[in-house]
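Record features (TrEMBL):
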BINDING   R69, G99, D120, S166  S-adenosyl-L-methionine binding site
BINDING   E167, E170, H171  Mg(2+) binding site
Amino acid sequence: MAAKSIKILSNFRRFCAIRSVFFSYKRACSSYGQTTVDDEEVFKFSELCSEFWDINGPFQALHTMNRLRVPLIRDALLRDTEGKIGTKPLKDKNILDIGCGGGILCEPLARLGANVMGIDASAEAISVAQHHAKHDPEVWERVNYRCMTAEDLVNQSDGFDAVVASEVIEHINDPEFFVETCAQLAKPGGSLILTTINRTPQSYLLAILGAEYVLNIVERGTHDWNKFVPDDQLASLVIYNGFTIHMIQGLCYNPFTRQWSKLGDTSVNYALVAQKEFV
């Protein structure tokens with residue numbers, strides 16, 4: 001982690017020199033309808049909406065990933081809380097799940113007591129999420145699903161205790177603007193939790209060739225390797241937008257056990273947890 005931190009800070013200086021040239025321009029663009037949404041990606045996932053809640057279907061890996069990402073989000077929000085007692089440790093916490101799809105992550109967070117807003121650019125996905133949540137009154141009273149983009153929400157929100165984008169940033173058009181938008185949606189002191197795929201030779205072999213073409217874990221064409229975001233680049237973006245990084249954690253999916261585990265290596269899947277600085 002120390003070596004990675006040095007690398008991140010070194011890249012951060014170089015990144016800032018380049019990024020600052022465009023910063024005022026991108027701010028201006030955001031007020032004229034700039035979007036991070038890739039319409040082709042929205043269409044792709046809309047076609048699979050009926051399978052969101054098939055635990056053995058194309059989203060199986062997301063269902064089992066909850067065993068890692070739900071505790072990750074819980075612990076990020078309870079970092080400064082002693083005891084962590086009770087069955088509803090996230091009571092009164094407001095969480096935003098960007099790119100929520102059918103609500104696979106929103107529902108377990110709601111069961112921990114959180115008030116969860118799930119947003120997605122796919123109307124079909126939101127419809128599936130709403131329909132499924134209605135089957136559980138405990139979930140239904142704590143989730144709010146809306147078909148919209150993160151940038152649309154900026155001027156409608158007072159901020160969230162946690163902003164989550166899990167397996168999302170690799171499907172959008174503009175990672176820089178996306179992280180900037182996430183920063184605007186997080187309260188001072190709020191958490192940012194991102195999970196995504198690194199852009200490395202290993203990720204091409206495992207996440208593209210292996211997962212899509214050999215083992216058929218996900219549909220072919222689900223991912224575009226060129227959209228994967230290197231961990232040091234994402235860390236630089238997060239730092240630039242006023243966050244302190246608490247953790248970068250490698251994640252590993254075992255296609256034979258169909259389970260996730262933590263890993264020291266971030267060359268394929270990884271999670272980033274950060275906290276927004278107080279002004």
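Quick reminder: no glycine exception, Cβ is built from N, Cα and C everywhere.
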Integer Å distance between the CA atoms belonging to G99 (S-adenosyl-L-methionine binding site) and E170 (Mg(2+) binding site): 11
H171 (Mg(2+) binding site) versus G99 (S-adenosyl-L-methionine binding site) - Cα distance in angstrom: 10
Coarse DSSP state, helix versus strand versus coil, of E170 (Mg(2+) binding site): helix
G99 (S-adenosyl-L-methionine binding site) in three-state DSSP notation: coil
Other residues, Cβ within 8 Å of E167, E170, H171 Cβ centroid (Mg(2+) site): G99, V168, I169, I172, T196, I197, H223, K227
Between R69 (S-adenosyl-L-methionine binding site) and H171 (Mg(2+) binding site): CA-CA distance (Å): 19
For the binding-site residues D120, E167, E170, the one whose C-beta sees the most other C-beta atoms within 10 angstroms: D120
